[in-house]
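In what follows, a single structure is set out as structure tokens and then discussed.
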Amino acid sequence: MIFRELWDEIAPIGRDPETGGYLRYAWTEPELELRSWFRSQALARGLTLEEDGNGNIFAWWGDPSAGDAVLTGSHFDSVPHGGAYDGPLGIVTALLAIDDLRARGKTPSRPIGIAAFAEEEGSRFGLACLGSRLLTGAVTPERALALTDRDGHTLAESLLKSGHDPATLGPRPELLGRIGCFVELHVEQGRALIEGECPVGVASAIWPHGRWRLDFTGEGNHAGTTLMSDRHDPMLTFAFTVLAANKEARLRDAHATIGRVEVAPNATNAIPREVRAWLDARAGESEVVDALVAAVTAKAHERATRDGTRVAVTPESVSGATEFDVVLRDRIAALLDDAPILPTGAGHDAGVLSGHVPTAMLFVRNPTGISHSPAESATDADCEAGVVSLSDVLADLAC
Ligand code: GLV
Ligand code: MN
Ligand code: MN
Ligand code: MN
């Protein structure tokens, strides 16, 4: 197995030469190209393709109708200027794991599937894990179709434009019922494996997390002629809220991030009329996330009163705690020579699937410890170790 050969086939797709980061948004050209690449890789391996009408693609080794399948895979889409590994690593290693199993003369006694899930990051339509949420019924097609991208186009419009039928969206209980368990391999998104000997870890849990839209409104006015005492500047309320979020998160051992902001009219010489920002909040327990968001909301309102502005806080997606299946987790950790077991603050389709089938995750060491950035990394040797680990897990569960 040469990881690099297959990896290099997708490396240029959606890559911004200036930042080195990826722009692989769901249902846009680069992501559709990756889906086509996946289909052709699956067909070249004699796998059976199945599409669920939600943008998710499944490639099966063995008869999928037999049920009790072992599913692996991940997603192709990226955050804006994201890293190469978050998502695609779980799909490329899965293809190579099937090659490895075949080279070892293994045949599956239950179907093995590789999934490529759509819009995991929620970078285009704002709702993370959209494909897996649609598949499982966690989000309705009506809500999904009305979601808008940054240019104001609804998902319904975007599907039609890219030649997809919006009417096919919706839960697939029959498909879900054929999945016996799900194991997602992913690049590690923190520093947990850097110091250790092991290139691969096993996930224990995903922190509760969510996204809240913050709309600050004030009074647009002239930057030169408006007295400082006459202003109703939503940027001030916003700036104070950013600092409050940071402070409130630190007080609770939680994480708060405001990484996306839009300003109107966005002019150097005008006091803004409106600032729209998104708060990403995460913590080890749901109660802590709730308390954090409540505290930030209260501080934002207090400050708005002082500034003569208004603020509205709207939840966009909230995910509770995910505890991965303990039996599966321990079986995999033991199989991988007592691989380290670690929780993560990152969301995954595995979190959504875990509400329906026993689910586990493997993490491949990331020497920078950085993710959602072009600096995200993994060595080829560690990715190959990931392939062997995944192949061992699939052999243990399905052969
Ligand atoms: C997705 O990767 C997330 O955790 O936001
Ligand atoms: Mn991600
Ligand atoms: Mn991911
Ligand atoms: Mn994720």
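Cβ atoms here come from the backbone N, Cα and C positions, even for glycine.
As recorded in TrEMBL:
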type: BINDING; residues: HIS75, ASP86, HIS186; note: Zn(2+) 1 binding site
type: BINDING; residues: ASP86, GLU121, HIS372; note: Zn(2+) 2 binding site
type: BINDING; residues: ARG211, ASN269, ARG282; note: allantoate binding site
Binding-site residues near GLU121 (Zn(2+) 2 binding site), in sequence order, restricted to HIS75, ARG211, ASN269, ARG282 and a 10 Å Cα cut-off: HIS75
Additional residues surrounding Zn(2+) 1, by Cβ distance to the HIS75, ASP86, HIS186 centre under 8 Å: SER74, TYR85, GLY87, PRO88, LEU89, GLY90, GLU120, GLU184, VAL187, HIS348
Listed binding-site residues (ASP86, GLU121), ranked by Cβ neighbours within 10 Å, top entry: ASP86
Close binding-site residues near HIS372 (Zn(2+) 2 binding site), where close means Cα within 10 Å, chosen from HIS75, ASP86, ARG211: ASP86
Number of Cβ atoms other than its own within 10 Å, given for ARG211 (allantoate binding site): 21
Neighbours of ASP86, GLU121, HIS372 excl. site residues, C-beta within 8 Å of centre, Zn(2+) 2: SER78, VAL79, GLY82, GLY83, GLY87, GLU120, SER123, ALA346, SER371
Pairwise Cα distance for HIS75 (Zn(2+) 1 binding site)/ARG211 (allantoate binding site) [Å, integer]: 20
Distance, HIS186 (Zn(2+) 1 binding site) to ARG211 (allantoate binding site) (CA atoms, angstrom): 22
Pairwise Cα distance for HIS186 (Zn(2+) 1 binding site)/ARG282 (allantoate binding site) [Å, integer]: 19
Rounded distance in angstrom between the Cα atoms of ASP86 (Zn(2+) 1 binding site) and ARG282 (allantoate binding site): 19
Cβ neighbour count within 10 Å of HIS75 (Zn(2+) 1 binding site): 29
Set of same-chain residues at least 6 away whose C-beta sits under 8 angstroms from ARG282 (allantoate binding site): TRP207, PRO208, HIS209, GLY210, ALA254, HIS255, ALA256, VAL289, GLY345
Sparsest-packed of the listed binding-site residues (HIS186, ASN269, HIS372) - C-beta count within 10 angstroms: ASN269
Per DSSP, three-state class assigned to HIS75 (Zn(2+) 1 binding site): strand
